[in-house]
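Asker: When I checked TrEMBL for this same protein, it listed these features:
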type	residues	note
ACT_SITE	Asp295	active site, proton donor/acceptor
BINDING	Glu144, His212, His233	Zn(2+) binding site
BINDING	Ala155, Asn236, Ala237, Arg244, His273, Leu342, Ser343, Gly344	substrate binding site
DOMAIN	62-415	domain 'Amidohydrolase-related'
Amino acid sequence: MPSNKSVSDAPIVQFTNCRILRSHQLQREDLWVREGKILNPEKLFFDEKGSADIQLDCKDSIIAPGFIDVQINGGFGVDFSLATDDFKSGIDLVSQKILSHGVTSFCPTLVTSPPSVYHQVLPQISIRNGGALGAGILAGAHLEGPFISKEKKGAHPEHCLRTFEEGAFQDLLATYGSLDHVRIVTLAPEMKRSSEVIRELTKQGICVSLGHSVANLSQAEEAVQHGATFITHLFNAMLPFHHRDPGIVGLLTSDKIPAGRRVFYGMISDGIHTNPAALRIAHRAHPKGLVLVTDAIAGMGLAPGRHTLGQQVVEIDGLNTYIAGNCGTCSVSPCFPGTKTLSGSVATMDTCVRHFQEATGCSVETALEAASLHPAQLLGIEHKKGTLNYNSDADFLMLNDSLYVQATYIAGEEVWRQKVLGM
């Protein structure tokens with residue numbers, strides 16, 4: 001057998017008997033991995049005269065890129081918008097637990113909070129690669145608010161909302177404290193001075209997302225022309241579609257998007273936040289922009305009951321999450337009277353992928369790319385994440401034909417596997 005040692009001492013692993021999602025299609029071929037990267041087998045065979053050191057039979061599994069969640073507020077009792085002394089252990093717990101959902105990278109999300117929370121929490125969010133201890137934080141945090149509309153605040157606490165004052169960008173910096181580990185900022189584009197903030201954030205490589213907003217279509221188009229590239233949970237917390245002025249939703253078919261620019265939009269495909277018909281409308285209007293997000297809160301993975309979302313208490317009832325009523329005993333204040341305002345989700349990413357595929361009737365490939373390729377493109381990391389192209393990072397999943405995750409790999413190493421009953 002030819003030697004592999006001329007290029008690297010690292011072992012070459014060959015995943016056989018699988019269908020790989022590559023170039024938008026499931027292709028029946030083997031996956032080759034070395035040193036955490038996807039190998040080109042032709043170069044391996046003909047240039048290096050190499051072969052596999054280890055062969056793994058995938059038993060006809062689908063192999064797809066790892067999922068990337070760009071909007072997740074917490075889970076398993078951990079709330080990213082609460083400043084705690086053990087914040088690192090909390091984010092580590094969520095990172096580890098979401099491996100079973102197929103998530104290999106994520107953007108921890110903070111909802112509208114007082115400046116003191118941002119100042120304490122953001123320095124504790126460090127960008128890092130994933131591994132056996134959990135999913136990676138590869139791009140930074142998603143800050144959803146506080147520069148959003150009072151009319152469309154959703155579950156965000158009104159007393160923490162802010163507008164842009166003179167020196168708008170400096171005002172934003174003073175609120176957050178630092179943008180060092182920030183990748184996405186959600187704001188309402190109709191706010192005065194928002195254009196200068198969008199331009200400056202874009203210059204710094206930060207993705208600007210439009211959401212919690214009463215913007216009309218022209219205001220949304222202007223924001224995109226200044227650099228905005230994302231829409232936060234489409235249809236939720238924005239003006240409803242109207243045929244004379246479709247508002248932010250109209251960006252999906254706008255003819256005023258700058259050449260070469262793609263507008264992406266997040267959707268919470270949990271069967272609660274968006275009717276399947278609306279999900280189908282959005283997907284058919286702009287399929288290449290759809291990014292599945294969980295918008296998961298601290299109660300994800302826990303029993304129904306009361307949990308937190310930043311400064312507020314929420315009630316989980318089945319798959320529904322609402323701002324809770326005033327129980328008089330909550331440690332979080334203020335605790336507002338109960339409403340039917342949705343406040344995040346308890347859905348997992350793999351559940352969202354399956355629901356999206358079922359609701360739209362789209363192909364398996366399309367459903368998987370909405371949770372992998374599209375968020376990677378949004379974040380500008382598609383050269384290393386979100387695909388299984390040669391030389392990309394070997395972050396991938398094994399799934400069955402029903403899109404249930406069987407195993408999760410990061411950098412070519414197995415980090416989670418579904419336990420088989422009786423084993």
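Note: Cβ is positioned from N, Cα and C throughout, glycine not excepted.
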Asker: Comparing the binding-site residues Asn236, Ser343, which residue's C-beta has the most other C-beta atoms within 10 angstroms in this structure?
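Answerer: For the binding-site residues Asn236, Ser343, the Cβ with the most other Cβ atoms within 10 Å is Ser343.
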Asker: Determine, to the nearest whole angstrom, how far the Cα atom of Leu342 (substrate binding site) is from the Cα atom of His233 (Zn(2+) binding site).
Answerer: 12
Asker: Among all chains shown, work out which of the binding-site residues His212, His233, Arg244, His273 has the most CB atoms within 10 A of its CB.
Answerer: His212
Asker: Cα of His273 (substrate binding site) to Cα of the residue listed as 'active site, proton donor/acceptor': how many Å, rounded?
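Answerer: The residue listed as 'active site, proton donor/acceptor' has its Cα 10 Å from the Cα of His273 (substrate binding site).
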Asker: From the Cα of Asp295 (active site, proton donor/acceptor) across to the Cα of Glu144 (Zn(2+) binding site), what is the distance in angstrom?
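Answerer: Spelling it out, the Cα of Glu144 (Zn(2+) binding site) and the Cα of Asp295 (active site, proton donor/acceptor) are 11 Å apart.
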Asker: Rounded to the nearest Å, what's the C-alpha distance separating Gly344 (substrate binding site) and His212 (Zn(2+) binding site)? Just drop the number here, would you?
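Answerer: Gly344 (substrate binding site) to His212 (Zn(2+) binding site), Cα-Cα distance: 13 Å.
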Asker: Could you measure between Ala155 (substrate binding site) and His212 (Zn(2+) binding site) for me? Cα positions, answer in whole angstrom.
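Answerer: That comes out at 10 Å between the alpha carbons.
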Asker: Same-chain residues six or more away whose CB lies under 8 A from the CB of the residue listed as 'active site, proton donor/acceptor'?
Answerer: Gln71, Ile72, Asn73, Thr109, His233, Gly266, Ile268, His273, Gly344, Ser345
Asker: Taking the Cβ of Ala237 (substrate binding site) as the reference point, list residues of the same chain whose Cβ is under 8 angstroms away and which are at least six residues distant in sequence.
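Answerer: Listed in sequence order: Ile148, Lys152, Lys153, Gly154, Gly211, His212, Ser213.
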Asker: Consider each pair of residues in Ala155, Asn236, Ala237, Arg244, His273, Leu342, Ser343, Gly344, all listed by the record as binding substrate, and report the largest Cα separation in Å as a whole number.
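Answerer: Maximum Cα-Cα distance: 30 Å.
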Asker: Please work out the number of neighbouring Cβ atoms within 10 Å of the Cβ of Glu144 (Zn(2+) binding site), leaving out its own Cβ.
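Answerer: Step by step: centre on the Cβ of Glu144 (Zn(2+) binding site), count other Cβ atoms within 10 Å, giving 29.
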Asker: For the binding-site residues Ala155, Leu342, which Cβ has the most other Cβ atoms within 10 Å, all shown protein chains included?
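Answerer: Top count of Cβ atoms within 10 Å goes to Ala155.
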